[in-house]
Amino acid sequence: MELLADVSLLPGEERIIDKDIIYMCHFNGAVKGKVLITNYRLYFKSSDADVTVMLDVPLGAISRVEKMGGASSRGENSYGLDITCKDMRNLKFALKQEGHSRRDIFDLLFRHAFPLSHGLPLFAYVTQEKYAENGWNIYKPVEEFRRQGLPNNKWRITFINKSYDLCDTYPTVLAVPFKSKEEDLRRVAAFRSKGRIPVLSWIHRENQAVIVRCSQPLVGMSGKRNRDDERYLDLIREANDTTKLTIYDARPSVNAVANKATGGGYEGDEYQNAELIFLDIQNIHVMRESLKKLKDIVYPNVEESHWLSSLESTHWLEHVKLVLSGAIQVADKVSSGNSVVVHCSDGWDRTAQLTSLAMLMLDSHYRTLRGFQVSMSKKRLSNCFSFFSIGHGDKNHADQDRSPIFVQFIDCVWQMTKQFPTAFEFNEHLLLTILDHLYSCRFGTFLYNCESARDQHEVRSKTVSLWSLVNSKMDIYLNPFYTPESGRVLYPVASMRHLELWVTYYIRWNPRIRQQQQSPVEQRYKELLALRDEYLKKLEQLQLSDSSTSSRLANSPTPNTSSNTSPSQQYTHLHTPF
C-alpha cells in the first residue's frame, strides 16, 4: 500500500481492491506495480525504480473488460485482463496464473465499471464534491430566449410539452411561430418522426432569420402529405419574409430516399416557397467505424511510413470537413437574412452538430467560456438524443446506437479554434476536459439522453454539474489570445488542406506526443502574464506602503526647520499605468 499511499481520492470515492500486477505497457514493456480499483477509477503505479508509469482511468471510460488467457496458457505474462477504453486506449494487465488470481479483481472491476448492469448507482450520484457555484444554473431556457430577443411578435414561447406528451425527447420550453396554435403543433408532431416538430434554435437579432431544427417528415413510399406541416413551415418562412425557406437535410440523398421504405422521407415539391439541400453527411454507424479505424492507426503506435495514406483511409477528416461545410452553409444563409430548417432522420445527431456549429459561427456569445457552457447545456438539456449516447455504466459494448457524434462535434470546434485563435475565450484544455468527463461519470452533465430521462433520474438535484468544476478554476481554461469581437461571423475554411488531426486528443496517450503538447508561443505568453501579475502585486504593495508612509507623515508634528516644504511635497506618489 506504500505505493498507493499518495493517491488522492475524491469525496465519496472508496477503495475497493488493490493488487500486485504487471502492466503490459506498449511503450515500456512489462512494468511491475500495484493497481487500485475504487468506485470511481482504476489507478496503477509502477514499482520499478528505473521506469515511472502511472495510470489514472475513470471506470466510466471503460467500454469492455475481458479475460486474457487461461489457467493453462503458456508464455510469459499471457494471463490477465484486457481492458478497452472509450478514450482511444487499450490496457493489458498480467497476473500470476496460480490460484485464480484474477477472479476477484475481474469480478470487482466488471461490477464497478458497469454499475447500471449490476444494480449499482453511477459515481455521479455517490460523489460528495462541493463547489461555490452551482453549474446547473448556467443555462435557463427562458433567459436564453430573452437574450436572443424572444418572445416577439413573430415567435412565441410555448409550454405545450411540459409533461413530455408532445415529444418525450424534446424539452419543456419551446419557441414556435407566433401564428401557430397548440392544436397545429400536435398535428405537425404526428407527421414528424418521433414527434420532433420544427422548433427555433436561434434567431438573428438584426435580420430576424432563424435556425429551426426538427426530424424528417413521415412521407413514406406512398408520398403522404400533411397540409398542417406544409403550412407550419410556411409560417416559419413568413416570420421574417424570407423569399424561400431553405431546408437542409443532413443526409446523403440516397439515404433520405431509402428512409421512405421505413415510413420516413423528405420534403418534396408540395412544400411551396421552400428549397431542399442535401448535405451528404453519413450516419452514426459510418462515423463509429471511421473513428474505430482512426484509433487503429494512432494507438498504441503511429504508423510513420504510411501515415498520410492511413489517415486518409479512415475518412475521419473527410467527415469533419462535411460537417463543418454544412454548418458554414447554414450560417451563411442565416447571416444573409434567410431562415433555415435543419434535420436528418430523427433530428438528434447530425442536426445537433450542424445547428450548434452554425450558432457558434454566428453568435460571439457562444464563443465565451460561459456562453459555450450555455451552448453545451442547451443541446444537452434540450433536444439531443444520440448526440450524447455513449452507454454510461452499461456492459453492452456492442450497442449499435452508441454514438461518436459528440466527439466529432468537439473536434469541429477545435478546428475552428485553430483557424481563429483569438476568437474564442476558452482554450483547448476546456475541450479536452469536456471529452474526458463525457465518459468519466463523475458529473451529471452528460448522463442520460434527454430532458425527460434526466428529470426522471433527478440529475439536477442529485449530481454535480461539470460547469461547477470549470467555473471554480476558470483561469486554466482561458485563452490568453482572446479578443472580444461581437457581431463577427466566423467562416472556417472547410477543405482538407486546412484541417488537421487533433493530435493532442487522439494521440495523447503516446508519451512522445505528450511531451510536445504545449505550444511554445502559448507557454511564453503565459509566462509573461505570470510575470505581469507578479509586478502588479509588487506595485500594489508599494502603493500600500506609500499610503501608510504618507499617512504617518501627515499626522506627525511639523519639525522646526527652515524649509517650507510640506511632507506631501517631499514625497512623490508612485502611479505606474498598466
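From the backbone N, Cα and C atoms, a Cβ is placed for every residue, glycine too.
Just so you know, TrEMBL annotations are computer predictions that nobody has curated.
Note that the coordinates shown come from a computational prediction; the quantities given were computed from them, not determined experimentally.
For 135-506, the entry in TrEMBL reads domain 'Myotubularin phosphatase'. Per TrEMBL, substrate binding site is recorded for Asn283, Ile284, Cys344, Ser345, Asp346, Gly347, Trp348, Asp349, Arg350. Annotation source TrEMBL lists domain 'Tyrosine specific protein phosphatases' at 314-380. For Cys344, the entry in TrEMBL reads active site, phosphocysteine intermediate. Among the features that TrEMBL reports, region 'Disordered' is placed at 547-578. Taken from TrEMBL, the feature compositional bias 'Low complexity' applies to 555-568. Among the features that TrEMBL reports, compositional bias 'Polar residues' is placed at 569-578.
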Over the domain 'Tyrosine specific protein phosphatases' (314-380), work out the mean pLDDT and round it to an integer.
96
Tell me, how many other CB atoms lie within 10 A of the CB of Cys344 (substrate binding site), whichever protein chain they belong to?
28
Maximum Cα-Cα separation in Å among residues Asn283, Ile284, Cys344, Ser345, Asp346, Gly347, Trp348, Asp349, Arg350, which the record lists as binding substrate:
12
Within 10 Å of the Cβ of Arg350 (substrate binding site), how many other Cβ atoms can be counted across all chains shown?
31
Neighbour count first, Cβ atoms within 10 Å, every protein chain included; then name which of Asn283, Trp348 tops the list of binding-site residues.
Trp348
